[in-house]
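Inspection log for the structure reproduced underneath, given as structure tokens.
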There are 2 protein chains.
Amino acid sequence: MLKDKDEQRTSLASLGEFGLIDHLTANFKITQSSTIKGIGDDAAVLDFKSKKVVVSTDLLVEGVHFDLSYMPLKHLGYKAVVVNVSDIYAMNATATQVTVSIAVSNRFPLEALEELYAGIQLAAKIYNVDVVGGDTTSSTKGLLISVTAIGEIEEEKITYRNGAKENDLLVVSGDIGGAFLGLKVLQREKSVFEVNPNNQPDLDMYSYIIERQLKPEARKDIPVLLNDLDVKPTAMIDISDGLSSEIMHLCKQSEVGCNLYEDKIPLDPQVISTCEEFNLDSTMVALSGGEDYELLFTISQEDFPKIKANPNLTVIGHMTQASEGIHLITRANTKIPLKAQGWNAMDADSE
Amino acid sequence: MLKDKDEQRTSLASLGEFGLIDHLTANFKITQSSTIKGIGDDAAVLDFKSKKVVVSTDLLVEGVHFDLSYMPLKHLGYKAVVVNVSDIYAMNATATQVTVSIAVSNRFPLEALEELYAGIQLAAKIYNVDVVGGDTTSSTKGLLISVTAIGEIEEEKITYRNGAKENDLLVVSGDIGGAFLGLKVLQREKSVFEVNPNNQPDLDMYSYIIERQLKPEARKDIPVLLNDLDVKPTAMIDISDGLSSEIMHLCKQSEVGCNLYEDKIPLDPQVISTCEEFNLDSTMVALSGGEDYELLFTISQEDFPKIKANPNLTVIGHMTQASEGIHLITRANTKIPLKAQGWNAMDADSE
């Protein structure tokens, strides 16, 4: 988990006139036909022709969103891109470009930034986006990453949060709760390490949930899949804050209610076993955990046959009249009001 | 210069579920026809039809780019937008949207952020851009603002840094050096204030240069003027780092040399008098000062008659073969190599 400190370190100040961003992005390639001009001028130039443009932005702050004692810089760079393109996919769009700005204190050597950018470059390759701009500046403390993601979409496919209708089915991709539990495991190992630095933790049994935390993936495949299945979601959002608060966003903006079925929430076996170990309720973890970057969307009931056989998608509830409210139907078949426990007032993200 | 501390203070934590960005941007209006959906979903949705899209991004960090002891928050919000739309104008484009993300420590009350956003809103109104997205998060220390500006332009009008040709004229808008000297005055007054808090400085004689520092304006009018005059610049850049380093960017990317004439550099009388007071060379200040946000561009000699009568524009030199190098021709008619003294390796900005 710890970085090798013996590598050669080049101070950022020693770079002199050489442009830091130019150096870090020198081998980034332009692959998108919509990118006319990337890094190197006052602004990037893009061409979306008749398509609409979607834009989303996020800040990641050291000590708030990540802890470098267990988050390798390459993973951090990767994750910074992932959390932003996830917002683009949540519009049912294709991500095409990102800009990446970093503020960094002098304690970071050039090699650390190269590692960060290696993660950014890997994510750009995997998510097929061009890095077309950025700004690198010094900070008085810590590391901060600001990413803006840009995507394209045909007008008729744009999926907002506000289109869910009564009786629509609520669908989630993948499984949830893993990223939160991965963080719990990493925090526990950090505490152990602080007491006994020679302890070599065996984290194999947590490999999936740790990867969900350190190297989350955005669901680039879901807009493609839905298009292939000829399903247009009526509303969509990505799960960054936790299932519960995302459901509440969809309901509020669509002016509908919702019944969510506890027994339908997709959980990985590692989530269930780790919840038992930590004495946590797996439903609470799924509802409030956050950072899963799965997509949550609603579809018309008539589209159900198109998605029902797909292992990537799980129907977890249905929308109701707004007056019926938003409820969790428990395994014991009791109906309890859902609360937005995933919410954090100081981390409000809205585009 | 100091803020009234008696105003009511609302802690950010007390906002609870109420979305901070939603609160701060509640009365922001959408005015651009290219904005289909602003704040409130996973991403903004924009429509540029057949026009090309330009994108630029900048970070402003407390303690690096601004000092809140003399920079009022409203001015800071205004300036954060200005420095970004300036990059859009430097492409000869029209700015249309911005996203604004802030990281802020808990020492800032809600009222401080409201003031910051009042400045952002004022700039959005004056520069006719929609605020379509953002992210508000906590920081462990200080205030950081990340702005991404988006603009539109007809393909044939795009002006890169790399189009300057031998014999082209080098032109600058407005006058330069003021922003740097404004900062010098403010820094001096801060030192005086620290020794004697009861001192009431009389800053009237510095009003222009202080405004250039605290409330700079981007040259929205220049792309419009050039279009009206039927002049397409061959290359363009905005002056953020200082005239000298911007000339070097143009020359490097265009593969040309340059002769810059010292006696042509436009200086405001306050710049000249304040240089005398501070015992600074006004040419050095103009070359290295930075933050003027004027536009620097090259035009074909045949376009000279179209611009020569315009009080907003000054011809300050001409481009040469690259092999001739980049020189300042002094008032004494000596030729000295230009150096990029405005450069700072830790503040490299390139889109």
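Including glycine, each Cβ sits where the backbone N, Cα and C put it.
Unlike curated records, TrEMBL annotations are generated automatically.
The domain 'PurM-like N-terminal' annotation in TrEMBL covers A:40-153.
For A:ASP238 (Mg(2+) 3 binding site), the count of additional Cβ atoms within 10 Å of its Cβ stands at 27 [all protein chains shown]. Annotated Mg(2+) 3 binding site per TrEMBL: A:ASP42, A:ASP87, A:ASP238, in sequence order.
What TrEMBL lists as Mg(2+) 4 binding site is A:ASP42, A:SER56, A:ASP87. Within the same chain, no residue at least 6 positions away in sequence has its Cβ under 8 Å from that of A:ASP42 (Mg(2+) 3 binding site).
Feature annotation from TrEMBL assigns Mg(2+) 1 binding site to A:THR57, A:ASP58, A:ASP135. Of all Cβ atoms in the protein chains displayed, 29 besides its own lie within 10 Å of the Cβ of A:THR57 (Mg(2+) 1 binding site).
Neighbours of A:ASP87 (Mg(2+) 3 binding site), defined as other CB atoms within 10 A of its CB across all chains, total 30. Following the DSSP three-state reduction, the secondary structure of A:ASP87 (Mg(2+) 3 binding site) is helix. Positions annotated as Mg(2+) 2 binding site by TrEMBL: A:ASP58, A:ASP87.
Sequence annotations record features per position, and here TrEMBL assigns substrate binding site to A:HIS65, A:GLU291, A:TRP343. Under 8 Å, Cβ to Cβ, and six or more positions away along its own chain, A:HIS65 (substrate binding site) finds A:LEU59.
Of all Cβ atoms in the shown protein chains, 24 besides its own fall within 10 Å of the Cβ of A:ARG161 (ATP binding site). According to TrEMBL, the feature ATP binding site maps to A:TYR117, A:GLY134, A:ASP135, A:ARG161, A:SER240.
Taken from TrEMBL, the feature Mg(2+) 5 binding site applies to A:ASP241. Annotation note: A:ASP241 (Mg(2+) 5 binding site) sits in a coil segment as assigned by DSSP.
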Model confidence for the domain 'PurM-like N-terminal' (A:40-153), as mean pLDDT, reads 94
Students should find that the binding-site residues A:SER56, A:SER240, A:ASP241 with a Cβ under 8 Å from chain B are A:SER56
Residues near A:GLU291 (substrate binding site) by Cβ (under 8 Å) yet at least 6 apart in sequence within the same chain, in sequence order, are A:ALA179, A:PHE180, A:LEU183, A:ARG212, A:GLN213, A:PRO216, A:SER240
Residues near A:TYR117 (ATP binding site) by Cβ (under 8 Å) yet at least 6 apart in sequence within the same chain, in sequence order, are A:LEU24, A:THR25, A:GLY77
For A:ASP241 (Mg(2+) 5 binding site) and A:ASP58 (Mg(2+) 1 binding site), the CA-to-CA distance in whole Å is 13
Here the binding-site residues are A:SER56, A:ASP87, A:ARG161, A:ASP238, and the Cα closest to that of A:ASP135 (Mg(2+) 1 binding site) is found at A:SER56
In three-state DSSP terms, A:ASP58 (Mg(2+) 1 binding site) is classed as strand
